[in-house]
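Some features that TrEMBL has for this protein:
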DOMAIN    43-297  domain 'Amino acid transporter transmembrane'
REGION    7-28  region 'Disordered'
TRANSMEM  38-64  transmembrane segment
TRANSMEM  70-94  transmembrane segment
TRANSMEM  115-142  transmembrane segment
TRANSMEM  162-184  transmembrane segment
TRANSMEM  196-215  transmembrane segment
TRANSMEM  227-249  transmembrane segment
TRANSMEM  270-294  transmembrane segment
Amino acid sequence: MASYAAIHTTPSEHHPPPPSRPTSTISRSRSSKFDRNLAAHGSASWLSSVINLLNTIVGAGVLAMPHAMANMGITLGVFVICWAGLTSGFGLYLQTRCARYLDRGRSSFFALSQITYPNAAVVFDAAIAIKCFGVGVSYLIIIGDLMPGVVKGLVADSGDAAAYLFERRFWVTAFMLVVIPLSFLRRLDSLKYTSVLALTAIAYLIVLVVYHFAAGDTLAEKGEVNLIKWQGIIPTLANFPVIVFAYTCHQNMFSILNEIKNPTHVRTTSVIVASIGTAASVYVLVAITGYLSYGNN
């Protein structure tokens with residue numbers, strides 16, 4: 001009986017291996033395009049990641065902190081602000097852990113939903129899109145309400161300024177024309193300079209609030225200041241969502257994880273700690289100084 005070695009023939013003797021199929025031009029172009037996309041990802045610095053995430057967190061919510069403090073009292077108000085920051089930071093941390101199960105540079109809520117609930121992936125994306133659209137509309141409403149007053153404050157005589165500068169429609173349209181091109185940028189890191197500009201405006205607001213508090217430039221009929229006493233369960237619950245939503249930034253976390261250079265566990269966690277810690281400090285500072293300036297009035 002012939003042995004297996006006698007029966008088996010090597011490919012080089014009788015069956016030469018087929019020639020390798022040449023790589024098509026389309027495959028090479030797709031591969032190079034994918035490599036370029038990967039190169040584009042992972043180029044953001046730690047500082048730009050913190051700046052973009054912090055700018056996403058700190059926004060118009062800072063204006064409502066003194067009012068929330070007035071309804072909760074200083075003790076409970078500070079506790080709720082810090083607790084909301086901790087829970088928000090924990091949610092961001094969970095996103096960094098979930099991103100480890102996704103392809104590098106392609107992390108998103110949609111990709112994560114494809115692993116957990118594939119049929120609901122579109123629902124998750126739609127919910128986030130609606131939420132972000134609502135935030136954008138709310139900012140335009142705030143701009144339309146405030147900018148005419150800003151112009152009146154800058155111009156001593158209203159007759160010296162054009163009439164359209166006092167119309168909210170003009171400011172809403174003008175800011176839309178500025179924001180729309182920025183919304184089409186592919187990378188969040190491209191917005192780091194606009195984020196610096198936005199954070200500078202927030203810093204200016206903080207300086208104004210703290211300065212007027214330190215100078216004693218407050219209302220003559222300042223209301224009562226409560227260290228522990230609150231205004232009741234209903235006003236407290238009404239202001240609780242204001243503080244919680246003031247930390248909203250999770251829709252951009254996956255983009256930051258995709259773009260940050262060397263996304264190690266320590267590096268991504270430090271981005272979260274720096275951003276949430278700074279935001280919480282800003283909220284507590286503005287809430288306390290603003291509340292002490294006006295009290296419950």
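Positions of Cβ are set from backbone N, Cα and C atoms, glycine also.
Among the stretches 70-94, 115-142, 162-184, the one making the largest number of Cβ pairs under 8 Å with the transmembrane segment (38-64) is 115-142.
Beyond its flanks by at least six residues, the transmembrane segment (70-94) meets 223, 225-231, 235-236, 238-240, 243-244, 246-250, 253, 269, 272-273, 276-277, 279-280, 283-284, 287-288, 291, 294-296 of its own chain at Cβ-Cβ distances under 8 Å. Residues 46, 49-50, 53-54, 57-58, 61-62, 65-66, 68-70, 74, 77-78, 81-82, 85-86, 88-89, 92-93, 96, 202, 205-206, 209-210, 212-213, 217-219, 222-223, 225, 243, 246-247, 249, 256, 260 of the same chain lie 6+ residues outside the transmembrane segment (270-294) yet bring a C-beta within less than 8 angstroms of a C-beta in it.
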